[in-house]
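Beneath this line is the structure, given in structure tokens, with notes to follow.
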Amino acid sequence: METFNNPKPVLHLLLLPCLLLYSSIAFSSSVEAAMHTNNWAVLVCTSRFWFNYRHMANTLSLYRTVKRLGIPDERIILMLADDMACNTRNKYPAQVFNNENHRLNLYGDNVEVDYRGYEVTVENFLRVLTGRHETAVPRSKRLLSDEGSHILLYMTGHGGDEFLKFQDSEELQSHDLADAVKQMKEKHRFKELLIMVDTCQAATLFNQLQSPGVLAIGSSMKGENSYSHHLDSDVGVSVVDRFTYYTLAFFERLNIYDNASLSSLFSSYNPSWLMSTAYYRKGVYKRSLEEVPVTTFFGSVMETIHTDAAYKALSRRNSGKFEAQTSLDQSVHHSERRTPVKVNDRDETHNINPEGQEGASKCPWSTFCNKFLKAENVDSLVNYGLVAMVPFLMISMWLVR
Amino acid sequence: MAETREKSHKPKPRVRPIVRLGIFLVSHSFLVSVVCCTSGVLALFLLPVLAKNTYISENALMPGSASPMLSNQHVLDGNRLVKDLTNSNLKSSETGIESHKIIAQYMLDLGAEVSFHKFHPQMNQFHPLHFFSSPDSGKIQENYSCSSYGINTVGVIRAPRGDGKEAIVLVTPYNALKSGFGEALSLGIAYSVFSLLTQVTWLAKDIIWLVADSQFGEYAAVSAWLREYQTPKFSSLSTLNSEMCPDINNLFEIKVHSVAGSKFSNSFRRAGTMAAALVLKVRDQGEQFEDTISIYAEASNGQMPNLDLINVVNYLAVHRQGLRVNVEKLRSLLNSSWLKSLGEIFESLAKVAKTLNPKCKFGIPATEYVEGTATLASSLYYQALGVPTGPHGAFRDYQVDAITLEISPKFSLDKVWRNDILLRGGRLIEGVIRSVNNLLEKFHQSFFLYLLTSPSKFVSVGVYMIAFALLIAPLPMVAASLYVDANSSSNFLKGDSSTPSAVTDAAEHGITIRSWKWLNSAKLVFIVHLWGAIVSLLPYFICQIPDCSPTTSFVIWVLLSILSLLILNSVLASPLACVKASQEKEWALVKSVTISSVFIGLGLMSVINFATAEIGALVMVPMCLLAQPLKLDVRAGTLRSCCRIICNLVLGHIAFPPAAFFLLKGMLDGFGSANVGDFWMWVESLWAWNSATYLFIGMVQLPCWVLCVSILFHSC
């Protein structure tokens, strides 16, 4: 290593300002974190047993909705604590309905359940959120979000004052959830997060939440119960909860191009229909709800950025990608894997070095150019160019005359 | 050391508050016992007022959430079976076998697994060691004959997607030799449900339909099948049977050939563990104005099925099928005016309470109170008896929750009515089965210890124990106070007579003697209890005497009992007699020990069978507390002692078990039919059902009565 380093002290000196420049750019972009990159959904049904049919139906209905609105299957983590479709008590084997008219089978061919049965535990749930998995866990079971991700977290089951029951045996408490969200924030795992909970006393689950960029809505306030919407006398169980039913009713009217805002969704919950008070908590969520379309969370609608030049904005993209990759690596890192990651870093810096060197040799003109590029003033660059053209034009005119 | 010495020198050492409270209660034991006993009796009469409405405790049950699927087609199927059965009764002389064949054929046509189970009825024999023991499989009888056997027809539907670990049992008792129309109708209802269940996709538990051959009694058939089901025999008895009785075997052979290729099986068919069992009966003559359904739940030793099962049936019958639900009542109480006035008093008290505090809402109308009390009394009575009220009792021995449903239709013969009963009864059964099918675990959420005051009201163990606890609370206090009194009075006498110089020596000696004096009384009590045990064992030997009428058996029993008492007294208690005469307050010590033993006996019994202990306490506690030598009272001659003499004499008569039995029987059925042999028959039934009540009467109540009578006639 030393032999490698020693012959080129001058080169290092040359390199230093460029690296500083580069890192300052990267830092500024990570603080900004403005770009919305992708949408994720984590849908959790936490209760077992046949008589909790409706919780699975809730979750599957939401799954269908977010899929319809454009979140692909690989970005949906679906956790179902029990398999109602194959329960022996199910009159319609391998089918799940959320309405007594039985028009829509929620358990069709293309349902990908990531965590099922006894895999749905508080531990696994927190692992999914924070991204601390065993090495053997496949990518399809991980929440591979980045700092530009919008995440929808939907949970249903039986809850109480500041807790949510998992599997009839353990419970997720409000500070567990808050802690997980805080970790996610610190690991840049999301840009915006919507937590939607349909349980009894759901609002109490958000009591400890403090992280910025987190919106939360619960089906009922403290001391209130969330009720089921209706009973399917053919299947013999209640098939959907009220809160979820009216959420779905809201989304049934929408398609991917609609611009309905989150506030219109939140105000659509009528306490007399729900028989409970839907409560949302804005916390440190900066944007005004009227301006946020529901598809921010319930669909995958990207913001289109208009650029004049096809490739000019590339450098910025590159930096973003690089950040995403490192954050991804962080989320997976283990002591065994740390060394290869480091090596990768060095490779990358090495790869970048020649470019930097080139840039340094072309100074000062290229740095000037770079500055312009990095200042993202493409238009002004063009303008400056045009202005610079004027003397040339005048000189050439003068010569011709 | 110095400190402790100082403390010991203090004249009055500090007594802990709990001890002081104890001393206070003991010293005021008379007042305490009066207050406690009256409040105990009052609490018992308050129970109907305190009864709570039943509710479905288990979430998984969800009764009535699914709409019934039983259609007219299934009813028609059921009707067809009823017709065939009634016709075959008319036609064939060998009806027993014929009708079983018909039923089996019908089951096979539905695609169910069918097997016959043949059994030999068991004699009701007195096994002294069989109380509390679980029924065993090894009861091999040598004296069966080929002519007397019963055939249970068993059909099993396997749950199409189930794991086969659990089952629900539907039982219809059926006597092929002399079946009434009601039995055929109950088979029709069961068949219509069965035919539906072969088609449905939602079964999670297997369904077993047992047509129990009730020619030897409904209970015998069901318990024989259950014994075979739960404790399989691995002996060669079954092969022995078939070798010795070829005619039974022939029947099976014929059956196999006639339905070759089907699911008929010669071997015993099993499904999983039983989640619940329903026994379905239809009463032959219905005299009510509307269709009612009676629920019988009491199993042996006052065990009850889980309250949820009754709730489910009650909910579905009332709210879905519009049937009236009945539980057993003591009809004689319904018209009693004193109960009605008591109810009115409670009602007005509740009104007063409501004016004082509008939030408190206890209190029920007087008529409802009378009904509640009648139901409660019958609930207590049947639990106390310890004899199951139907074939469901056999299931309880294996910890399976079971009840008997008896439908008594409003009677008419037209076909519309019959279809209606088939439809509603069938839908009720279907609903209950679907609800139990939803269960994930055994019934465990709701109460097992309760008394019903109406089909939809119950008194839980936490409430009814209060009455009993109040009733027996004074016993230890009175025992302690009697003991203290007896000791201190004799102490006083002795201290008075002796000279001061001899005091220390004599006092030390006297203390040692006095402190052990109660052993004499304890010995007496022990002897009497030993005698009680012997008396309760005597029937085992009397049973062996062939050709003995109940009356003579009873007389022999009484004579032997008296004889054994005399022998025991002369052998063991003779040295006691001379000591007894010398002591002044000896009867108080005897009473104290008696009361202690009664307290222990009642406490133990309340764990085994609460109702028995409660009824026993109602009689025995006043008797024990009031017992005092008649001579003393006669000598005193005051009004108070006169009252006590009368009370003692009355209680002394009532508390004697046979007298109590005849009194009760007379009150319920009228005195005309009373017969000495009846008591023997009753006792026989008690031990035949392994009822702990028999042990209680023999080993607690009878000795207590003897001791109290001996106190009454004590010569002091």
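Cβ atoms here come from the backbone N, Cα and C positions, even for glycine.
Unlike curated entries, TrEMBL annotations are predicted automatically.
Per TrEMBL, these features apply:
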- B:21-47: transmembrane segment (TRANSMEM)
- B:461-484: transmembrane segment (TRANSMEM)
- B:524-542: transmembrane segment (TRANSMEM)
- B:554-576: transmembrane segment (TRANSMEM)
- B:588-609: transmembrane segment (TRANSMEM)
- B:615-634: transmembrane segment (TRANSMEM)
- B:646-668: transmembrane segment (TRANSMEM)
- B:688-713: transmembrane segment (TRANSMEM)
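Counting Cβ pairs under 8 Å that are 6 or more residues apart, the transmembrane segment (B:588-609) and the transmembrane segment (B:646-668) reach fewer than 3 and are not in contact. By the Cβ criterion (distance under 8 Å, sequence gap of 6 or more), the transmembrane segment (B:615-634) is counted as touching the transmembrane segment (B:646-668), at least 3 such pairs being found.
Scored by C-beta pairs under 8 angstroms, the transmembrane segment (B:461-484) has its highest count with B:21-47, from the stretches B:21-47, B:524-542, B:688-713.
Counting residues 6+ beyond its ends, the transmembrane segment (B:554-576) has Cβ neighbours under 8 Å at 520, 523-524, 527, 530-531, 534-535, 538-539, 542, 545, 548, 676-677, 679-680, 706 in the same chain. Most Cβ pairs under 8 Å to the transmembrane segment (B:688-713), among the stretches B:21-47, B:524-542, B:646-668, belong to B:524-542. Sequence-distant contacts of the transmembrane segment (B:646-668) (same chain, six or more residues past either end, CB-CB distance under 8 Å): 330, 332, 619-620, 622-623, 626-628, 630, 633, 674, 678-679, 682, 697, 701-702, 704-705, 708-709, 712.
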